[in-house]
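Worksheet for the structure shown next.
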Amino acid sequence: MEARGDLRSILPYLPVVLRGGALFWPPPAQEAIKALALGPDVSRVSSGDVLADAITDLRLALNLDPLPRRAAEGLAIFFDDLLSRAQARDWFDHILPSLARLLLRLPTLLEDHYRSGGYQEESRGLRILGSQDGGIVLVSQELAAALLACALFCLFPTADRAQARLPPINFDSLFAALCNNSRQSQEQKVRCLVHYFDRVTASTPTGSVSFERKVLHRCPVSDSITYPDMDAWMKSGVPLCTFRVFSSGLIEDEEQETLEVDFANRYLGGGALSRGCVQEEIRFMINPELIVGMLFMASMEDNEAIEIVGAERFSQYMGYGSSFRFTGDYLDSKPFDAMGRRKTRIVAIDALDCPTRLQFESSGLIREVNKAFCGFLDQSNHQLYVKLVQDLNTKDSCASIIPDECIGVSTGNWGCGAFGGNPEIKSMIQWIAASQALRSYINYYTFESGSLKRLEEVTQWILLHRWTVGELWHMLVEYSSQKLGRETNEGFFTWLLPKDIPNGDMMTGLLT
């Protein structure tokens, strides 16, 4: 075990120790966890207030600082005030002891992870995946649950995480944000996670979840696609894929297998474990296994994306932002693949934050299209991809060449909203990237955005004229140049479409 580079990289960030070829809890911590596992009659932990004290004792046993005061107050608020008496009793009598037993199993689960046949190769073992370190981590759902229990109890060491550009992983800030009349959405986020722990302690999930750091290398690397430059995009002859527009519906409700876009922060999870409650944070609450990636995934650079396959959904919800509400249990019926992962593919790509003029400059356009392309591209079969692109650059139709198993992309207003991006530009950039990645279609959810009321009209007009990736890119660059030079004040869609057809009449013509 000591010889494994993957284990050595992650060990400083775990609460367990390695000695004599075995992993174990430090004895004082193990005794404290054993007491919790025996239930409130032994541990005397039957309230949020006492739970906070128990967590502080555990942290001190691990040579960590006491639990922050506001986090302790948040635990008391949630478990003593916000939960009903029946819910609190069930938590302290059953769920909490079960989580403690899961914590006791963590060393064994980690050893099984590193020693079992499925994880013998270090290329899939749990490890820190730093900047430009492309690779996959594959964990069982049971190990994911144990790691999330550590996060709940705030047991992960944090001293070196900022230096390693790792996001926060403990739940202390999540509970601290419940103090001082916080928005109700904060309570609802915690309810999603408490529901997850209820589910996994009642019935241990048996699948797997993979986390892949995807990199578009800036210099040529064997069996890898290089970061495309302006000239490469201009010359692309790849046809644009099918584009379907939905004014209602949600990305996470897709019934078929697609690549579902997480409108991410460069630090995976964004504000999921603090006060955030928009698209990425909500996804991490209803699919809590996504949070595991925050343990070992360093922040993303411009040429990187993160793809997570197999995260199970546990919660129903309604609302968005301050109106977000947990509404009950969700039974995920997605089938499993050959690796034991649910066929839910989520790709985290971070857009430019408040780009203003930059989103129209060449550097901004290149950055955004390559970010999306990195996320959408499947580099697992590099040679096949290169051959297909070469063929597509010389053929009129891609219908007979793009493999049927090349699933589509489900996305929406990536980089807009709080990030301030232009929805028309961002929709076209994602279309270009998905097409170049040989995705068979885009399902685009506008979330009833008024700025995209002509999106379907524009995409159908472009498809009618059989434009290629290079042709749409050229128009996007030309428009952006005019926008920067103040030669036009029009939006891209109005600028692009023929002026002799009134707004709205284009679709009528296309449908007749």
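Every residue gets a Cβ built from N, Cα and C, even glycine.
Just so you know, TrEMBL annotations never went through curation; they're auto-generated.
Pulled from TrEMBL, these are the features on record:
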ACT_SITE  Asp262  active site
ACT_SITE  Glu280  active site
ACT_SITE  Glu281  active site
BINDING   Asn265, Gln279, Tyr320  substrate binding site
DOMAIN    84-213  domain 'PARG helical'
DOMAIN    231-453  domain 'PARG catalytic Macro'
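Features as recorded by TrEMBL, highlighted on the structure.
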residue	record	CB count, 10 Å
Asp262	active site	28
Asn265	substrate binding site	22
Gln279	substrate binding site	24
Glu280	active site	23
Glu281	active site	21
Tyr320	substrate binding site	16
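Between the C-alpha atoms of Glu280 (active site) and Tyr320 (substrate binding site), the distance comes to 11 Å.
For the domain 'PARG helical' (84-213), the model's pLDDT averages out at 94.
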